[in-house]
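Peer 1: One structure follows; several queries about it will come next.
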Amino acid sequence: MIRCEQLKVTFNPGLATEKRALCGVDLSIPQGEFITVIGSNGAGKSTLLNTIAGDIRSSGGRLYFDDRDVTALSAAARTRDVARVFQDPLAGTCGEMTIEENMALAYGRGKRGGLKLALNDRLRTLFREQLSRLNLGLEDRLDAQMGLLSGGQRQSVSLLMSALQPSKILLLDEHTAALDPKTAALVMEITDQIVTEKKLTVLMVTHSMRQALDHGTRTLMMHEGKVAFDLAGEERSNYGVKDLLNLFAQMRPDGEELDDDKLLLGA
Amino acid sequence: MGTLEIGFIFGLVALGVYLTFRVLDFPDLTVDGSFTMGAALAAALIISGVNPYLATISAVFGGAAAGLVTAWLNLRFNILHLLASILTMTALYTINLRIMGKPNLALIMEPTVLSPFQSLGIPSMYLKVIFVAVVVIAIGLLLAWFLNTQYGMAMRATGANPRMAQANGIVVNQKIYAGLALSNGLVALAGALFAQTNGFADSTMGVGTIVVGLAAVIVGESLFNSRSMLVIVLSCIIGSLLYRLAIAVALNADFIGFTTSDLNLITAVLVGLALILPQLRREWKARKAAKGDAA
């Protein structure tokens, strides 16, 4: 269970460039829920994710993992509970290191790194077995350099890596946005598979309305640093992309047109 | 023999430089100062009657402290890494003079780390090489093992992808402190061994250490292309030996007419070539590939 209470983030406070990125977000994410988050550019989606991860310090409000107040914890200290996959396939893995080394790093997430060898036969067997589920043939290439893999393969491995250790929440930050539509669909399929199997709690930011409705159990729409809509259950299942677009239009009383093609075209 | 001995000693420098430049992606010029510091501390302590082994260990800690200062300047105050290391290096020049009390110290009649082995009856010329080779190779193996431990791998991730490292719970600043301390400790050990095998410490002996270390790393890398830590570590040491050999050949070939004072130019040209050639090869390959597509 993750709980945000009036979470606020302000960039460059007091300066001409001051930006209130989160203006009091109240959100509670029960265990096992898969939330998709949509919203236009600058709505605060990524800020919300980065604040939960601890990369961004909140300027107000509180954040709880279960009943523990983690507002003051550093990003490194939160990694025991927070797993992540980034938008950029290059960001989530080390291109200069091998697949097995990358997985060993992820296996050590939230643990103290000691002077024990990071890899051993037991781990290699585990990694090989995990990789074989991707059906990408990577299980035979444990010692291949990560940099040799395609973007889709790297994102798939990143997903596996994020699930090697238990987490209270998995943060997916548009993790398919940098992929071609076919690969994106494959990576989403793998996402669903891993999330279901490991019963993960997920917060996934996406630019695609289709994706937001087709995956997960609950959809949030963010607007100007707040949660504007929160759809779940029956109501959500009756929603189509058209309805979401209408919601978007309602939130912009000045009649601003939705010009973000990605929202409409996303796979 | 002298070439081999110095080659092995600078193998330690190469390992240190590999740690900062390659593993941590932190170009660190502190080594010019920490090499001298290692020599100065070891020499000064030995002359004042301290056990040579204890003196050598103190030298390692001195170098490590210098590395920590550079890391601190960079991480705490956001001073550019190159500049931070130049600041430390400059400060170390004075500190080293203070440690020694004068610009150079002679160790000719003093006990050294080699003294306990002199009773073995091996001629001192060979003894030095064997001793240095054993020490350097042992440290190389230890380093290769270290880089494969959880801690060492975290250090490698810190340099390769700090964001990924952080997302996996690695406290990146801590790894940079540790890496710089380790690197400069190794370089100071090289300085301490150099002073004891060559019988002196001099305030200017560290000038150009960084270039020599880098040269060794690059020579090693261009010969062995591997991701294995063991191979990489050994190739640093071999690179250092080959580099020394190349220098010795260049200086001894009378027909070329080089003298010792040309050393720095030769080094710069060698390192330059080692950096330029791979780039040229890439460009040449790309051009060939483009032609192939057109045909």
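Just so you know, glycine gets a Cβ as well, placed from its N, Cα and C.
This is the feature table in TrEMBL:
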TRANSMEM  B:6-24  transmembrane segment
TRANSMEM  B:80-99  transmembrane segment
TRANSMEM  B:125-147  transmembrane segment
TRANSMEM  B:176-195  transmembrane segment
TRANSMEM  B:207-224  transmembrane segment
TRANSMEM  B:231-251  transmembrane segment
TRANSMEM  B:263-280  transmembrane segment
Peer 1: What residues in the same chain, six or more past the boundaries of the transmembrane segment (B:80-99), come closer than 8 Å to it by Cβ-Cβ distance?
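Peer 2: For the transmembrane segment (B:80-99), the list is 26-34, 36-37, 40-41, 44, 66, 69-71, 73-74, 203, 206.
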Peer 1: Sort out for me which stretch, of B:6-24, B:125-147, B:207-224, B:263-280, has the most Cβ pairs below 8 angstroms to the transmembrane segment (B:176-195).
Peer 2: B:6-24
Peer 1: Taking residues 6+ outside the transmembrane segment (B:125-147), which of them lie with a CB under 8 Å of any CB in it?
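Peer 2: Here the qualifying positions are 1, 4-5, 8-9, 11-12, 15, 19, 23, 113-114, 117-118, 153, 155-156, 186, 189, 193, 197, 229-230, 232-234, 236-237.
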